[in-house]
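Heads up: the structure comes next, in structure tokens.
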Amino acid sequence: MTPAERRAFERQLQQEFPGLELHAWYRQYRSLKAAHPDAILLYRLGDFYETFDDDAKLVADLLEVTLTYKEFASQKGRDQKQRCPMAGIPYHAVEGYVARLVGAGYRVAIAEQITETPSSRTDTRPRSIFAAGIEQTSLTGSNRMVERKVVRVITPGTIIESGMIPAERNNYLAALIADHGRIGLAYADLSTGEFAAVEFSGERAAQQAQGELTRLNAAEILVPDRADLRLPGLEPSSARLEQDLEFLTREERELLLPGERVARRVERENNARWAHGRVTAWPERRWDLRNAHDTLLHQFGVRSLAGFGLEDRPLAIRAAGAIVQYARETQQGVVANLRSIRAYTPGDAMFLDPQTQRNLELLEGASGTTRGSLIGVLDQTRTPMGARLLRRWVSQPLCDLTRLHARHDAVERFVTDAILRASVRETLRRVGDMERVVNRIIQGVGVATPRDMARLRDALRALPELVAALGDWTPPPGEIDLTGVRTLPPSAATDPVSLTENGNERIEPNQTSAVSLRAQREARRRVSARYADEDLFGEEEQNAPPVGSSNHAVGTQPSADDEASPVTAFVDDQATETLALDPCADMLAFLETAIDDEPPALLGASNYLRAGENGEPPRRVIRPGFEPEIDQVVAASRDAQRWISELEPKERERTGIKSLRVDYNRVFGYYIEVPKTYADQVPKHYIRKQTLTTGERYFTDELKRYEEIVEQAQQRLIDLERRAFARICDVVTGAGARLLRTARMIATIDVFAALAEAAVRGRYVRPELYDDTRLRIVGGRHPVVEQTLDETFVPNDIEMDTETRQICLITGPNMSGKSTVLRQVALIALMAQIGSFVPADAAEIGLVDRIFTRIGAQDDIATGRSTFMVEMTETAALLAQSTRRSLIILDEVGRGTSTYDGMAIAQAVIEYIHNEPRLGCRTLFATHYHELTDLERTLPRLKNYHMAATEQDGRVVFLHELRPGGADRSYGIHVAELAGIPQSVIRRASELLAELERRAPRSAPPTVPARGDDRRSAGRASSSGAGAARGEQGRTLPDGQLSLFDLAPGPVIEMLRRIDINQLTPLEALNKLHELQKLARAGGG
């Protein structure tokens, strides 16, 4: 705090607690809480992370822990104590509890102890996962209050702990900013180092940004605190008035029915959504272009962003800069693994809007899990990083024909070589999540754990076998994501961050580099000399190099007299683009010598002094022989313990006191106890320590020296272990570029092998891709449905193009499989463009740039949108955004309103897709409006299809076959019976249907003529004429069913409506009936 902030804070405490003397620890707690008022503060006290006041009540309720009370103040001049609510979390289980808090949408600040008391010096308990890398300092002077500070602020998008995020999914932090019709979007996964940015412009910017956010499914989204992004779900306080119409462009509004409006509805203020939801308001000054530009330059250690493709994308720069600053602030320091950024354009991949991603169930099924989704079928990966990469491929299909052919070649290699596929997949089981492990190590001791090093070593152990299995095969060029696979200038990775007076970040370079071998050797030489002088447990020498430093300046190379060793291969390593899988054999050799076989989970938990005693297995971080000083401290401590254990028999023999004993307690340490009866035989060099009723306790100078060696050994080993581990982290960081490149190449290999495995299991075929608009599928199957059926899946053929078969109009009964056919065509096209084989006997597919689906709908209560409004909004969007290369899937458009309105909209939509020169795209349209089948006569590129069904013994049998021509019946009553409708209802419905069909006229007028390509003006005339005709008489459906809603009002109908039956006498009723009969016979309808 600044002095002014400190004074304001003290005034606040005085006003809040008048007349109370606050305990020092509570003042410290409130000071830390004031700096992080929007976070739950976990305050380390002994074995627990404690929460107080309102935080304690919240934590006790959410985590179901005990709520207690603790004294925090006393009344001045009185013996009256004040208590506050308190709830604690055990330090050894903090990771799981924090994950639950963050999962509930809360920010969590971790306050750790950064100074130590004399008593804590002997505390050998391992620290928590959040405190392992903190270098504590000793209390000095009269200050006896342990200092604490917030070392991490954990938010949904900044989690890097492997146990707190799903292994198979990315944990994205996204940033979104809009300005003058343009939108900048950046996202990063701090656990993998992935960092990318894009900028959207034009009328479709909002829709494109929303689609990308849906694809990312970001854990947390940063927006400027005064943003008005106008994106659904990202409103800062209340819902917008007539929100849906404001999101639509003029063209989209013209496609909607006139007069349709969104209800004026205002949500109440929803601050919780910002404070605890996935949207986080970030101060607007953090989005300043100059500030963001400088932040990225320092982060990447470069002088220009041109090489990243960002120079002409100011909003992308601002979004990316906000992510780096937010990450630095929450991590309370640097974010070393964000080494580079990838700029991309919206057209690089197939566009999938949020509705399409949801309707096709690409990543989640109806249950909210991968069960029943496409990824649930295709994900046969063996590594978490492969699973994450496959998810990205599924949500970002390619539009690059060359890359797709290369992907299909790679999958085919694994399909045709079963031995290669099996051996590679078996080996991949042992690799684990190498990508996240390397990224954690790169971030240093504060993040990396000994188990991370062991996991990296175990992964590297599997690579020689993987390289041998692959032989000379390598992944296709361009498929390895090299974002961040470059050596980061150390200054960029370790710059401390501070704020200037105006709030902008100022970065002060701090020159560090990889570990100097000469410095290590010199340190070990000094250690040997000190051991000879028996000074292992003294203070560090003033000239000893600090952890993580070296004798090399930034950008320089080790001097020529640095001897070669396994470590030299990693210093100042530069990533080079090579397609061969690098097994990193030198790194494996280094880690084999540095890290013990079974290290503990955390630093400080090693059992160097107890390993091997009483059968206790070794549990050490540093392997014996790697760090001489650790070995020497262990040897010295064991020698001292041995000397102490042998002291008692020696002294008994030397003094003749048979009851003399050597013992230990925590208060007095080691002592020699002599009974009073032998007081005259005590040697003169014994020094009295304590007088007892039964005797005296003594010590000697020699015992005191060995006692100090034993007592200081454990803490000394903890310090040495932490420093050695930091040097190992530096070495791995120096090779980080190579390791990350290897990890990402393994992920790519894993994906190709997984797609091949899915192809073999599902009997998929390689699709043929073309740079045109054909779509021919022979024996196509739904990849998900066919795996869930107990019976054999019925395949279907479909053939389309934009010249002769542009629109397939599909009719048929309910439950006959119309929706399945629609979805399987879309999924086959999508699978082909991620590089997968497809479930079919053959497939020829012209590249699809966008897939739009309009399948199903439900009310959007939060924004006041009816089912029909949702349906029309989505339909308008796809009509406005589609191109000639798009694929449109429409299911039951128009069913959310009256029959005539719905059918009119459905026909108009079909005509628009068929006739609009900008469109003309491949379209599958399923409907129950059988009248629309007449459109085949007037729209030359529309073809009718139906789902076949037959009747056997009075029962309907769905054949699930797609056949040419329109359907003649819907079999709705049969479906109702299958759904469990009571039999009385079924019988009554059957009676009504038979009556309606009996009363239906035998002939029916033609449907409304469609607008063809060459009859736009004539179409308008015929359309208006049809409307007049429709007003004159009812209409019979093609399948013989009578429409209940087509009857136009005539004289008979009007007379019937005006009759008041209750006022008629029998004679008057008979006369009225006679009049009605005359009118009917005269044709008065």
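Just so it is clear, glycine is given a Cβ too, placed from its N, Cα and C backbone atoms.
Listed in Swiss-Prot:
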REGION    533-564  region 'Disordered'
COMPBIAS  548-559  compositional bias 'Polar residues'
BINDING   Gly812, Pro813, Asn814, Met815, Ser816, Gly817, Lys818, Ser819  ATP binding site
REGION    997-1042  region 'Disordered'
COMPBIAS  1019-1031  compositional bias 'Low complexity'
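Known features from Swiss-Prot, placed on the structure.
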{"residue": "Gly812", "record": "ATP binding site", "Cβ neighbours (10 Å)": "30"}
{"residue": "Pro813", "record": "ATP binding site", "Cβ neighbours (10 Å)": "22"}
{"residue": "Asn814", "record": "ATP binding site", "Cβ neighbours (10 Å)": "18"}
{"residue": "Met815", "record": "ATP binding site", "Cβ neighbours (10 Å)": "19"}
{"residue": "Ser816", "record": "ATP binding site", "Cβ neighbours (10 Å)": "25"}
{"residue": "Gly817", "record": "ATP binding site", "Cβ neighbours (10 Å)": "25"}
{"residue": "Lys818", "record": "ATP binding site", "Cβ neighbours (10 Å)": "25"}
{"residue": "Ser819", "record": "ATP binding site", "Cβ neighbours (10 Å)": "20"}
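Surrounding the centroid of the Cβ atoms of Gly812, Pro813, Asn814, Met815, Ser816, Gly817, Lys818, Ser819, where the record places ATP, the chain contributes additional residues within 8 Å, namely Met947, Phe958. Taken residue by residue with DSSP, Asn814 (ATP binding site) is part of neither helix nor strand, so it is coil. Annotation note: Ser819 (ATP binding site) sits in a helical segment as assigned by DSSP.
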